[in-house]
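Below: one structure, written as structure tokens.
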């Protein structure tokens, strides 16, 4: 480009512009030479070398001299003068346009969007395009801070009048706010800097390119700021560092950069939480906001930059709302540093957040609300959630000249080899993967030390569960999605439905951010080295103790274990398998061998064997002793016919299936006294031998008052055994003592007729209460009130009424025990660190460390066991409303259910209470376990519209569990405790519910219950009663038995011994337990009188009826084809008459046939013989149909049961019609016998029989024809048709 002369001859006041690195004059288009030094203006930087304005300009260029020639540092807008003039002018007005463009840009000393609008560049055919390739023709290249007439490193858009193939940006789009920057190169980055009029500078960086070598080198005084900029902010974001509070070290700071998890921004959870997008749901309920937050976190949409714009748009649509643009809206949309930023922020503050720019305001409206406002689109490439709330004041910038070096982050080492580990396919493969990672980091063995634990399909570990656990354990592992994080040493992959893990053997581990763990990090992410103490202590043991929980609870169990680990002095099974020790390898190998062999040969489950080993290693002080104990387990011989699990273990350690210990001797006595603290003299009642050898415990007992439910929790010594012990309750206000024997707590064992026990109780009545003894252990006595369905009651039923009145102080409880020491290992509760009632109870898994093993979900660490308080109205087989039955030592909860509207006994129990007791509770007081708010059991306890639904589900769980127990063991305490713990395991699946409607959906099918029962078998499993006669015969026999047995008459009073009816498919003899102690007192006729004449008469009547019914059924099935279905449609007496009539008419017909066939003569016409033979044929045909049906039902008992039953009913109905018609013929013949001869009598009977037989023959043919057709069909057709029917 050159004008008339080779060099410009114009005045120095003529404006200049840059083009292709050369300075030209706007008047003559000739190259401008350097001005003389006296004319140069140092305030204008590079422009002042070629241009001397007539008037002083109000803007300055901060970059001084010297600098590289032909680079308009700080004045990049000079390169935009020529392309703007050329693209917006013609051939004849180009010079005038060039002067006009120069005048506009020189006025402000920069290029801004307002200048483009003033020059009407868009109206003259120019558009902004994103740069996707080479740009032909004239164009103006730009990014957020810089413009140039030539492509440059970091350019993102181009302004041109050429019709490029890509989609043009929407107007009014402009990639920059002000373009007047300087460009430098530093390492592998290109840095842009500028200064505004107020002296505050902005900086931006972009990756380098091939043209970066021609740029100036970054000045040394800016290197520190550039390090902070690149580490803390993403590319193409012009940032003023004075708006941000910075830290010296980047390890603990925050970073917006996609390649760095940490930066120099001060980490503030209230500012950088990435959750500001939740402000769009402020109009919704708290449950909705919590659900949206959990959903974004669970599915990986939540990142440190927020959530994707399209995701937020979709969630608003799902909730029936949308965002509209409203200048007065409460929600303000901001962008990080520039409007083109992909990092957005939603705020409710009116002031602009420092470091952000305000874009617009919006409000949330329902989708159905008509509005004239423009709908706000959140954008497909925008992320909302940059900050949590606005900073109140602008943060002071740190010193820019601080020369403290930034710690360098090492790049990942290239991998040398990859090793893959595939864990066992037991449903817990995800947790085996994490265990293998930690086992390799600790012990160098890339295998899982965890034992196999079969999980149902709906409880497999998801990627969200694994991510949560990885973060809790701080593992250098990532979940591989589309790509693997380059900094992760361990890669967890999903192979179909199986989790596997790969290790990069030649790579050093690194600390990964959440984005890297989830697997959504960027290509060039950088992670700091993994610290030496990165893996928490006992991390592997924490996983081993929690991996048997439901998968969504494992991470919480790990966190609770690490927060409050149990004592480490004992070597448990998990510690032996996970902790480093000389015996670990041998113990693990021997244990896996025994686990594979012993349960199989003993016919036991693996869960039972694991639980037995855990019991054997309980309180083991050293690893050597644990190894020695494990070596004592005997492998049963293959020649032995049957070996129990107990025989394989040492004699001093039995493989007891019951979680509660049975070895401790029973307590010989106990006494409970409730009294007031202001009483001068405490009353006490206890057996004398208790005072001699027992230990004492004194605690406070509180009464939580309510309209229908008052609970008294008495914290006492060891487990309370009521059988054979004395229990007394005293009232200090009235000075009266009521013996619990008057209430018959143990079904007759402690009755008023026992004078010795009453004397023992009354003998200690006047002694004071000793408050000096400590409380070594505890049990819980729960007193509750319950209103029966029927207010009437038998005279023998013993009701209990508890009267209420408000006392003046708290109530003290004195409990005494004897027989064992306080340090017994079977003590149910350790209250050495108990909490007061006015403080929140610590319900973490560390304070209540339940470990859901395969055989015992309630087994705990540290010799502590949880108290499972069974809710009301949920009783198992043998339970009663008045649970005063004898309890074994396995019970840690004693329930007294009080009955309303019942007659008061002679000495009612008065329990005093006070609200003031809550503030002065004894520190040893024990509080009942609190379940999550929306768990199934909590919903049952809280009541409400869904309580009945969950109660029915609980009853179904109890019924299915009872079916797996031996009938005679269903009322034992061990079975009841197993039922409660099974329900607790089922209830655990609803602990993560966030709504009251989720628990019912999770537990509706109960598909997981059979596998759970198989993993955790009952104490006495149900035996296999299958025999050779199994099949349809057994099914039909059960059905006939249920139809034939008359239901017992309903009693007048309430039935107390059977709250939940037994399942309908259980045989009658299985309903009543045949062994074991009764769980509750039965009716007076069974308990008190026993052999009275009423009971004998009732049992005799039932026995006679059963014998007669079975006899008549057998006779009828042998000699008459009348359907048993009639027994269910007619009364028993009517069905009996029909059977007798059928037998009689068959006998008469056989008699007539014998007379005709044996005494044949000419007196009998041939047509009579023919009719008789036809009748015989009809009977034979129907009998053959019956036999075919019988044999087919035996050959195919399971394929077409419904089809066989339908045809059977039809054939039986045909026989019934034939029998009825023949009986009518017989009656008519007998009625006409005096007037007719012997021959005519037989002939008339035969004729009638043939007529009725032909009718039944046609009916039977129509019914048997489908049966004969299906007899010759293939099995598949029979099965499909049977299922369709």
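Just so it is clear, glycine is given a Cβ too, placed from its N, Cα and C backbone atoms.
The feature zinc finger is assigned by Swiss-Prot to 8-28, with similarity to another entry given as support. DSSP assignment over the zinc finger (8-28) gives 0 helix, 8 strand, 13 coil.
What Swiss-Prot records for 69-180 is domain 'Peptidase C31'.
What Swiss-Prot records for 76 (among others) is active site, for Nsp1-alpha papain-like cysteine proteinase activity, and it gives similarity to another entry as the kind of evidence. The Cβ of residue 76 (active site, for Nsp1-alpha papain-like cysteine proteinase activity) has 26 other Cβ atoms within 10 Å, all protein chains considered.
According to DSSP, residue 146 (active site, for Nsp1-alpha papain-like cysteine proteinase activity) is assigned to coil rather than to any helix or strand. Counting every protein chain shown, the number of other Cβ atoms lying within 10 Å of the Cβ of residue 146 (active site, for Nsp1-alpha papain-like cysteine proteinase activity) is 29. Positions annotated as active site, for Nsp1-alpha papain-like cysteine proteinase activity by Swiss-Prot, on the basis of similarity to another entry: 146 (among others).
Annotation source Swiss-Prot lists domain 'Peptidase C32' at 269-385. Per-class residue totals from DSSP over the domain 'Peptidase C32' (269-385), listed helix then strand then coil: 29 helix, 34 strand, 54 coil.
What Swiss-Prot lists as active site, for Nsp1-beta papain-like cysteine proteinase activity is 276 (among others), and the listing cites similarity to another entry. The local packing around residue 276 (active site, for Nsp1-beta papain-like cysteine proteinase activity), expressed as other Cβ atoms within 10 Å of its Cβ over all shown chains, amounts to 25.
Counting Cβ atoms from all protein chains shown, residue 345 (active site, for Nsp1-beta papain-like cysteine proteinase activity) has 28 others lying within 10 Å of its own Cβ. The active site, for Nsp1-beta papain-like cysteine proteinase activity annotation in Swiss-Prot covers 345 (among others).
Taken from Swiss-Prot, the feature compositional bias 'Polar residues' applies to 775-790.
Per Swiss-Prot, transmembrane segment is recorded for 1136-1156 (among others).
What Swiss-Prot lists as transmembrane segment is 1170-1190 (among others).
Per Swiss-Prot, the feature transmembrane segment maps to 1211-1231 (among others).
What Swiss-Prot lists as transmembrane segment is 1250-1270 (among others).
Within the chain carrying the zinc finger (8-28), a Cβ under 8 angstroms from the stretch's Cβ atoms is held by residues 1, 35, 39, 47, 50-54, 70-72, 78-79, 81-82, 95, 98-99, 102-103, 106, 149-150, all 6 or more beyond its ends. Closest by Cα distance to residue 345 (active site, for Nsp1-beta papain-like cysteine proteinase activity), from the active-site residues 76, 146, 276, is 276. Spacing of residue 146 (active site, for Nsp1-alpha papain-like cysteine proteinase activity) relative to residue 276 (active site, for Nsp1-beta papain-like cysteine proteinase activity) is 31 Å (Cα to Cα, whole number). On a Cα basis, residue 76 (active site, for Nsp1-alpha papain-like cysteine proteinase activity) lies 37 Å away from residue 276 (active site, for Nsp1-beta papain-like cysteine proteinase activity). Regional average pLDDT for the domain 'Peptidase C32' (269-385) in the model is 87.
DSSP classifies residue 76 (active site, for Nsp1-alpha papain-like cysteine proteinase activity) as helix under the three-state reduction.
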